[in-house]
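Peer 1: Attaching a single structure in structure tokens format; questions to follow.
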């Protein structure tokens, strides 16, 4: 999908705040300086009465004299009086009609004139945002004693009125996009309303440079800006004979550098091998019957191989990519949990499988009219939660990735030894995780890499929970000289179409990996490749972190790369 950034309309914004402006100002509101913003001149200020009264008078006058003249015109037709003969009252009515029409015609140009007046006065309110920032610097106890920051005047009188309406609660904030028809303008107005309501500044949260049309109805509601996350690259990752530069969006120092070192070690040893074991997204509705006997009847019906083809036809109608693979049932009293599993092409597939499940439930109602559908999701799926069913059965893409690291590379690149890595993996990732009662967490930090790649490529960050299920294995081979390392990840949930993948930044990261959009030649191959790359990146991250721990370098490296000396000095002072 071709996403283009739309140039936003020019709104008045506060000027940049220099560092010196805060050094020389001790209090936000000095007594000897008037910080109140000067009123913005309006085209309507020239009117003798307030704008709303003037409008009311001319609207009333226009419709009143129009009605009067129409009434007189009908009377003249009935009495055969010539139309060109007019009385003094009729003449006054005609003049009033023309005057009110001219005013109403000009009224709609006031906002247009106002935009030029406002543009010439761009320096107004230069100290408004610094005052809000100064309030941010004060302790909460002092902040409570201070008046709220003065509002920023919007670029037009109409926008200013809308902001006031949102603040007062007359206009719902969520309805701005539909009412205005301009997503950027809606976000700008909502942003200013939030600042006035909370009395806190959003100066550090960017508004410009983002296509708000692209997220309408699919990615985010009620936007007021966007968060910037730095994106680094690790690699090249040599996986299945191909090189990949892996984008990682993170704020954790040392993470990208560590993963990059793992990629370097894997590359030096001939690369890694990734194998896709399974590909199927799941959804599990919960239905209830009056008795456990009736629930078991449906269970036996669904598990009968003779009925599977019929159910598959009904399910597959939801999409040309959806293909039902299996149905798994579990009972709890008279409640039945039905776990549907299907392939979903290059999409992550939650919406696709949900539509198919809805079709099957409607089909089953004819044979089981006493079935009560409690919910389309009964948590037997299981989505965005650590669950044994995902760890055992898998969800999304199940991938295993392995590599053989030679003794020479272990010593020179990873700065440790094969026996030290094998022992640490057993005591930390296996025994230590068992002591902790871990569920799918038999690894060092798989979630770190999964989250970073997910955010960069537009995946659902919440699905990092089950996608990070991973068991890391290390074994000495070739008479103890070399290291065999593998990661097994049964539930990587990714897609290359839909959701956040269509955003410009995330689409660029997918393009960097060569998996942007849907693969038209082989449906689903792009998402499967992305899952394999995620597993390969986790392999590199596990190898590097475990080596750092084995060599005693973890604390030293994090103090160097993951702790800002500038921040620490501020805390110390």
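The backbone N, Cα and C atoms fix where each Cβ goes, and this holds for glycine too.
The topological domain 'Lumenal' annotation in Swiss-Prot covers 1-45, 114-528. Sequence annotations record features per position, and here Swiss-Prot assigns compositional bias 'Basic residues' to 1-13. Per Swiss-Prot, region 'Disordered' is recorded for 1-41. Annotation comment: Swiss-Prot describes 46-66, 93-113, 529-549 as transmembrane segment. Here Swiss-Prot flags 67-92, 550-573 as topological domain 'Cytoplasmic'. Feature annotation from Swiss-Prot assigns active site, charge relay system to 252, 384, 460. Residues or ranges marked as N-linked glycosylation site in Swiss-Prot (evidence: sequence analysis): 316. What Swiss-Prot records for 558 is active site, proton donor.
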Peer 1: When the number of other CB atoms within 10 A of each residue's CB is tallied over all shown chains, which of the active-site residues 252, 460 has the maximum?
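Peer 2: Its Cβ has the most other Cβ atoms within 10 Å: 460.
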Peer 1: Which residues, sitting 6 or more apart from residue 316 (N-linked glycosylation site) on the same chain, put a CB under 8 Å from its CB?
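Peer 2: Those within reach of residue 316 (N-linked glycosylation site), by Cβ under 8 Å and sequence separation of 6 or more, are 322, 323, 324, 356.
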Peer 1: Return the residues near residue 384 (active site, charge relay system) by Cβ distance under 8 Å, restricted to its own chain and a separation of at least 6 in sequence.
Peer 2: 460, 462, 463, 465, 466
Peer 1: Return one of helix, strand or coil for residue 316 (N-linked glycosylation site), based on DSSP.
Peer 2: helix
Peer 1: Looking only at the topological domain 'Cytoplasmic' (67-92), report the model's average pLDDT.
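Peer 2: Averaged over the topological domain 'Cytoplasmic' (67-92), per-residue pLDDT gives 80.
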Peer 1: Just give the helix, strand and coil counts over the topological domain 'Cytoplasmic' (67-92), going by DSSP.
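Peer 2: So the topological domain 'Cytoplasmic' (67-92) is made up of 18 helix, 0 strand, 8 coil.
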